[in-house]
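Peer 1: Grabbed the feature section from TrEMBL, which reads as follows:
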type	residues	note
BINDING	A:GLY12, A:PRO13, A:SER14, A:GLY15, A:VAL16, A:GLY17, A:LYS18, A:GLY19	ATP binding site
DOMAIN	A:5-184	domain 'Guanylate kinase-like'
2 protein chains.
Amino acid sequence: MKEKGLLIVLSGPSGVGKGTVRKEIFSQPDTAFEYSISMTTRKPRQGEVDGVDYFFKSREEFETLIEQDKLLEYAEFVGNYYGTPVDYVKQTLNEGKDVFLEIEVQGAKQVREKFPDGLFIFLVPPSLSELKNRIVTRGTETEDIINNRLSAAKEEIEMMKLYDYVVENDQVENACDRINAIVVAEHCRRTRVEPRYLKMLEAE
Amino acid sequence: MKEKGLLIVLSGPSGVGKGTVRKEIFSQPDTAFEYSISMTTRKPRQGEVDGVDYFFKSREEFETLIEQDKLLEYAEFVGNYYGTPVDYVKQTLNEGKDVFLEIEVQGAKQVREKFPDGLFIFLVPPSLSELKNRIVTRGTETEDIINNRLSAAKEEIEMMKLYDYVVENDQVENACDRINAIVVAEHCRRTRVEPRYLKMLEAE
């Protein structure tokens with residue numbers, strides 16, 4: 001019997017650096033999990049590539065996929081849709097591979113309902129004031145957008161209770177080390193591995 | 001408010017290599033936890049040092065400590081007592097340091113009752129037959145002792161359900177890596193860190 005892979009969900013407040021952490025993890029040569037590329041209706045930022053960073057879709061295309069139930073989760077955030085195509089995730093888990101999602105908190109909540117056994121990791125800034133600095137110094141947004149994001153971030157930190165783990169993004173490398181450790185640990189969780197060992201005992 | 005340290009309990013079947021794994025972990029220069037040295041009434045093996053590997057005590061001395069309630073846990077195993085002095089553990093946890101215990105399964109059960117929040121790790125061999133080889137090739141025991149140990153090991157593997165994590169001791173270095181990852185992960189567990197972050201949110 002082949003064991004199913006682990007669904008790893010990385011989420012956290014807007015501006016905390018989820019994308020940077022995810023990119024760093026997947027730049028490591030020994031990363032053992034598969035990245036599920038999200039879909040979005042937001043415009044690509046400088047340097048973002050369709051099919052690598054996101055699948056960029058029109059609002060109309062996205063809403064058709066919602067109707068066809070082809071999304072594991074989706075959320076509207078600051079006026080844009082973000083979502084996860086479901087087929088790739090299910091197929092890859094069934095192959096015994098771990099799948100890594102980097103998604104917004106609204107979407108993570110939906111995934112939790114569908115995959116209660118998933119591994120839910122909440123990325124947080126060292127402090128809220130540091131979060132503010134990060135959003136401001138991105139330097140491409142109006143003050144209204146910044147204030148909206150800050151307010152959303154406060155609400156999202158209160159959503160922490162839906163997660164299994166909280167990882168502080170003090171430095172990208174540290175955050176990645178913690179996430180990798182969490183995945184290793186989770187593969188050792190007794191409730192996940194017990195069936196295999198009980199079988200071993202019977203075979204003796 | 002200073003956070004209390006984490007109580008890390010490593011246990012597993014006799015002969016699985018708990019002591020070797022523990023020694024390897026504490027030989028690593030960046031190990032961040034404190035080792036709680038056990039007490040035992042068994043005779044020192046070749047190379048074992050009193051106060052380093054164990055506190056070696058007479059049966060009479062040990063039973064006096066039991067009466068005085070000075071042991072966090074104790075167990076009798078293959079005719080000898082093994083136990084953990086309680087004062088050192090409580091004091092070190094209160095200082096915010098992680099304490100590492102390497103104990104027999106009978107003792108781990110007692111610690112679980114007193115410290116339900118502890119981090120309980122069960123070390124297992126890749127297979128029971130490999131366990132047999134390890135016990136036999138130690139080469140210093142009679143067949144009766146070997147059979148007793150094997151039978152005990154089977155029972156102990158069934159005790160896995162009392163633990164949070166199961167770590168396979170396929171290679172000492174791998175087992176140590178997994179244990180270190182589990183400790184890192186456990187420090188990120190939401191239920192452990194949530195109070196700190198809720199406080200941060202209030203301070204904003």
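Placement of Cβ uses the backbone N, Cα and C atoms for every residue, glycine included.
So that I understand the layout, could you describe where these features sit and how close they are to other parts?
Peer 2: The Cβ of A:SER14 (ATP binding site) has 18 neighbouring Cβ atoms from other residues within 10 Å, across all protein chains displayed.
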Peer 1: If you count the other Cβ atoms within 10 Å of each Cβ, which of the binding-site residues A:GLY15, A:GLY19 comes out on top?
Peer 2: A:GLY15
Peer 1: So among the binding-site residues A:GLY12, A:PRO13, A:GLY17, who's got the most Cβ atoms within 10 Å?
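Peer 2: Counting Cβ neighbours within 10 Å, the top one is A:GLY12.
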Peer 1: Under 8 Å between C-beta atoms and at least six apart in sequence, can you list the same-chain neighbours of A:LYS18 (ATP binding site), or say none if there are none?
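Peer 2: Result: A:LEU10, A:SER11, A:GLY12, A:GLU102, A:LEU123.
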